[in-house]
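Worksheet for the structure shown next.
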Amino acid sequence: MGEEGDTVLTLRQLQESVDSHPDDPSHHFNLGVFLWEKGKQSKEIKEKAAEHFVISVKFNPQNDAAFRYLGHYYSRLSVDNHRASKCYQRAVTLNPHDSESGEAICDLLDQEGKESLEVAVCREASEKSPRAFWAFRRLGYLQLHQKKWSEAVQSLQHAIRGYPACADLWEALGLAYQRLGMFTAAIKSYGRAIELEDSRVFSLVESGNIFLMLGSCRKGVEQFQQALQISPQNVSAHYGLASGLLGLSMECISLGAFRWGASLLEEASKVAKASTCLAGNISCIWKLHGDIQLTYAKCFPWMEEAQGLEIDEKFFSTSILSWKRTCCLAAVFASRSYQRALHLVPWQANIYTDIAITSDLICSLQGSDKQDLNAWQLPEKMSLGGLLLESSNSEFWVALGCLSSHGALKQHAFIQGLQLDISLAVAWAYLGKLYREKGEKQLARQAFDRARSIDPSLALPWAGMSADIFVRELTPDEAYESCLRAVQILPLPEFQIGLAKLALLSGHLSSSLVFGAIQQALQRAPQHPEAHNMNGLVCEARFDYQSAASSYRLARCAISTFAGNVRKSHLQDVSINLARSLCKAGNALDAMLECEDLKKEGLLDLEGLQIYAISLWQLGKNDLALSVTRNLAANVLSMEQTSRAASISFICRLLYYISGQDSAIISILKMPKELFQGSKISYVVSAIHALDQSNQLESVVSSSRYFLKSHEEITEMHFLIALSKLVKHGSKDYLRIQTGVNHLKKFLHMYPSSGLMRNLLGYLLLSSGEWNGIHIATRCITAGPSHCSKEEGLRSACEILGAAVVACYTTGNCNGKFSFPTCGYECLHGSGAIQQLQKWLRQEPWNHNARYLLILNYLQKAREERFPPHLCIVLERLIGVALSSQMFSKKDMSCQYQKFQLLLCASEISLQGGDHIGCINNAKKALGLFLPDGSLFFAHLLLCRAYAAEDNFVGLHEQYLRCLELKTDYHIGWICLKFIVSRYKVQNDSNLLELGLEESPKEMKNSQNMWMAVSSLVHGLIAIWTQDFLSAEQFLVQACLLASAESSLFLCHGAICMELARQQCDSQFLSLAFRSLKRARETSLSPLPIVSLLLAQVEGSLGSKTKWEKNLRLEWFSWPPEKRPAEIIFQMHLLSRESKEVSDSSLSAESCQNPRRWILQAIHLNPSCLRYWKALHKLME
Amino acid sequence: MKLAWLKTVENAHEDSVWAATWVPSTADDRPPLLLTGSLDETVRLWSPYELKCEATNTGHCLGVVSVAAHPSGEIAASASLDSFIRVFNIRNNETIATLEAPPSEVWQMQFDPSGTTLAVAGGGSASVKLWDTGKWQLIASLSIPRPEGLKPSDKSSSKKFVLSVAWSPDGRRLACGSMDGTISVFDVSRAKFLHHLEGHFMPVRSLVFSPTEPRVLFSASDDGHVHRYDAEGKSLTMALSGHTSWVLSVDVSPDGEAVATGSSDRTIRLWDPKMRAAAQTLNNHTDQVWAVAFQPSKGPGGRGCWLASVSDDKSISLYDYS
């Protein structure tokens, strides 16, 4: 009611104002607008409105809105297009921003087909105002329609400024860019359109097409898939998707991923087939389907579905036949699709060539023989079809040349192609191939060279170059490289087999490039015996003898099934390969059977004889083996120089193994000397010579050694000589290590960089058990990250390092945080060893030795640091991992020993952690292992300690008796036992303990002394427990005499002497102490603590105050700051008091604080000492 | 006028069926046979009533694009994509002759009404080849003249790729349709090119003269139209539109009253030229229809006859036209 009232009211007001000012156009206009808006469907009211507009316009011809309303009136109500367009035109002229009028007039003109007028209107508006975006938009579309691409780009770009969210505009801009060839810009524009509206099929399809054109198939495929989700019937999206998949699969195939390529092609074929159902008369879809099927036929790989193909020949051949059938079927499908395409557009020349190529493939797959040479073959004829329609297409000529079976025609076709385009690399390449087949090597070479220089990315010329290895006088390496290039460009089985052959010549057979290539060749040419044979050789080079053997078997199957008549020698080669790989794989029985088969056919050559002999020997048929060897020896002289040496070494070794050292030596002496000329044979002879005590082979060996030329060979020989010295000069169960060490030391000066010799020297030094040997060992090896993994000699450098560091009694911690190293040899690696071992373990996580040595080193470290909990946890875990390994289930002695050590470690950790039960359990577990008594001794020793810790003295005694029973060769064992016995006062009625220590081996002089010194030290310590300082002093004098380089012994002696001096007030002891302490300070490398303090006391007692001060200061600096004990600080207080009284000039340590603070610091560190409090009290007074 | 569906043979061939024609009945009353050629490289003969496969002739290396039957009903010819024409005896499939042409130069074929000449649309050669049916020798090559202003060295002869050929019922005229949409008319007796018939702008895949009116020529083109020309008067007299895709094949009923067409839009249409409109649309094929063929009636007496159609969906259908 109210609204209506308002309307009436407004109307009346407007009417009144019109009536009052009939000449005012604005009143008329306002009334007109009101009526127009309210008029809705009523024609009469609108007519009335129009009347007012007309009046308004009459008075004010500049009112564009009135013209617009009039235009609406004429176009919609009175349907007078002419007038309507006039009105709109006027409106637009007055106000170029009026998009409503502008669009309306353009629509009107468009309906009437007046395109040029439309353009003119838009152009006029756009020229008048840059903000007339509607005009730019319209103009852009029109220019696009008229294919004026660059103008359209400008208009559209301008329009986009006005309507940035209009997907249509972006799409149109994308199209314009695409037509201009600005693909990146086009992709961006399309992308923007898709962003704004994700259902833009056109943008999706076109950007997909651009992606395909730019070669990024994967992105293209994504676009098409998206387009298909929106519009599943879209033919161009289907087409694009299929061709994108084809492109992707081509990429895969060019990398040799045939199966992947094939699966992509299957998908592509489905898509293409679906699109042919949508539009059956579009030839390019059929052609695409043909392309897909043809590619499929060319890439479908043969797969070894099941194992054991090599045994069942029939199964093998059916598998290959079914593979062939699949390929052939795909080719037939391809042919059919091409024929459909041709039937639809018979004037398209390239389809003739496609059919020709496909028919050629079908012929080759079906293996149909070439018929009459005079009649046209189908491939030939169809490729002519293309040429008839387009004789100036050089590629058709090349196709004809490739497909023709007629030599002269081929040559003619290639030359025709080259006349059309002299730089057609393909034509040159095929021409080269043709010449090569004809035997015109020089021409072939020229053609290939030219092709290669025109287009180096063509595979055939590279392959041709590598095939001409002898004509071009290439080295095998060069030929291999160029063939490799051909294979990498185009993975054809022919190239790949060739590559394997060249790799055999050039020694690259174990390269994974060759392995990959030959595996691919198998997928595409499984009927080719050479592919299997080569695969076998490659596997053999990679030490996979089982696979090699099965490959050779397959090669034989292929020969008998698919290759018509093969030369016998080929079959022989394959069989010998098979026998060899069987022999290497450890299958001596089969190898022998193969050899016997060959022998029956008379094909057993010298290599075969060797295999035969070896497999007979492995089977234990020594007599037969010997007779074969004799047979071989009879033929040796007829052999070539290179293989002769190998045969001789073989014969010598086999003789040694079968009939023993003596008969081998006799045979060697019987053979002519000139046979033993060569490095390899020299090793064999030297090795036999080493074992021979009577030196019968002296002359042979020395003459053969002349042939050692290279650095490596000579060092290897020295290695052998060193070992032989050990053996020769040693006895049956004892090696003279020192002679070997001497030899190596001598020659290491000549070959200082030989890792082999260094490692052996280190190993020997370690094995010698000499006191200082271990330190020298760590110095003579070169251990680093690059050396760890390299196995040189008997042990790797890392192993030696790890073992040496464990063996060093000084535990090599250089930072002095936990102990004060007194080792005179300066362990070079020290704590670095743990890092080194960790690196090694990280490189070879499967290496038990690395883990084992790491554990031992960690234990050493933990011991040094008094078993901190974090290290114990690490150790427990490491030991847990190590013990869980399968390796320790072996009955091997060294494995058992390692397990024993690990269990003892675990036991030690438990003991230190207070877990006595765990300790005892682990030690008992260790006792369960089968090891010599000398080792088991230590388990009992540990049990002693565990029981002692438990205060179980019965158990302790029992274990002690067990120890005595078992005995050990290791001094340390006895000494420890002695220590425990004295510590816990175990009843010790027998003298067995002392005897044991004395009975220990004495062959090592240095060590013996050292051990005796240690033993004396222990005796001394025991004496101190019983307060028997005099005898303690005696023991230590003895110890100091035995080991004059050990500063700690002197320190100990000095301390005892001071105690004696104190007790007995004897200045003689004081001077003894002075001498020992002085000696201790001189011998120790780094300042030993306490030595100076004691010296200061001695000096003080002797009355020299300055010397006392000097020594005390020295003492201060011999402690690392964080470890200085309370006592030294207390002493410093004395010093500072002195210096305060005397002078303040010194810069020494004591002057930095006053005496009171020194005492406070000392009390802070050790508040329980009454002495300090007293001193403080005194000072305060 | 009406087509009534009689029978369909699914999978009549192993692949798309591309060509079909009727072999007339012979003097010794052997009934007419249907001859079809397919992409599966075979030619098959079918009995007219139950569409039973009478014979399967092999021997082509590629798909069969065209078949033609001699008016006597004794011999027939088939041509494949590799441009071999095999002429064989209907009764025993004996090869009578093998005519070879350069590739791309054999498309549609037709025997002249008297049976003395076989006309072959010469594809890329831009000509029609005439073969003598007695000696099986090439007797003439009717070339389409090059458009003026085109240099002889210009290699664009493919523009005039000849796809279809038709004899007038009196044997005096020969029309051929080419890829650019023009139809050329020749005077056979003088071996002379007469004139072009224009109007199509896409390949003309099928041509047929009206059996009752020698001047009237029907043409089917990829532009979706069927035209009726006055072949002598050089004028387009009617254009029939309705197919939504290429028109692949056209044939005129023996009485000259109706025209049937097969198309890529998978339909067959029956047109009434008098009404200038389609009388019927048949949708029973599921893929494009490559050929339609009316069975030529023996005389004026027989009112009805059959229409056969073959398609990419491998099937053959038979209809009764009345």
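Glycine is treated like the rest: Cβ placed from N, Cα and C.
As given in TrEMBL:
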- B:10-47: repeat 'WD' (REPEAT)
- B:57-98: repeat 'WD' (REPEAT)
- B:155-196: repeat 'WD' (REPEAT)
- B:197-239: repeat 'WD' (REPEAT)
- B:240-281: repeat 'WD' (REPEAT)
- B:282-322: repeat 'WD' (REPEAT)
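Outside the repeat 'WD' (B:155-196), and at least 6 residues removed from its termini, the chain residues within Cβ reach (under 8 Å) are 107-114, 117, 119-128, 130, 140, 142-146, 202-212, 214-215, 217, 219, 221, 223, 229, 231-232, 234. Within the same chain, the repeat 'WD' (B:10-47) stays apart from the repeat 'WD' (B:240-281): fewer than three Cβ pairs sit under 8 Å, each pair at least 6 residues apart. Long-range contacts of the repeat 'WD' (B:57-98) within the same chain, counting only residues at least 6 positions beyond its ends with a Cβ under 8 Å from a Cβ of the stretch, are 15-16, 18-27, 30, 32-33, 35-45, 104-111, 113-115, 118, 120, 123, 131, 133, 136. Within the same chain, residues 1-22, 24-25, 32, 34, 36, 38, 46, 48, 51, 211, 245-246, 248-255, 258, 260-270 sit at least 6 positions outside the repeat 'WD' (B:282-322) and bring their C-beta atoms closer than 8 Å to a C-beta of that stretch.
Counting residues per DSSP class in helix, strand and coil order gives 0 helix, 23 strand, 19 coil for the repeat 'WD' (B:57-98). Per-residue pLDDT, averaged along the repeat 'WD' (B:240-281), amounts to 91 for this model. Helix, strand and coil content of the repeat 'WD' (B:282-322), in residues and according to DSSP, is 0 helix, 20 strand, 21 coil.
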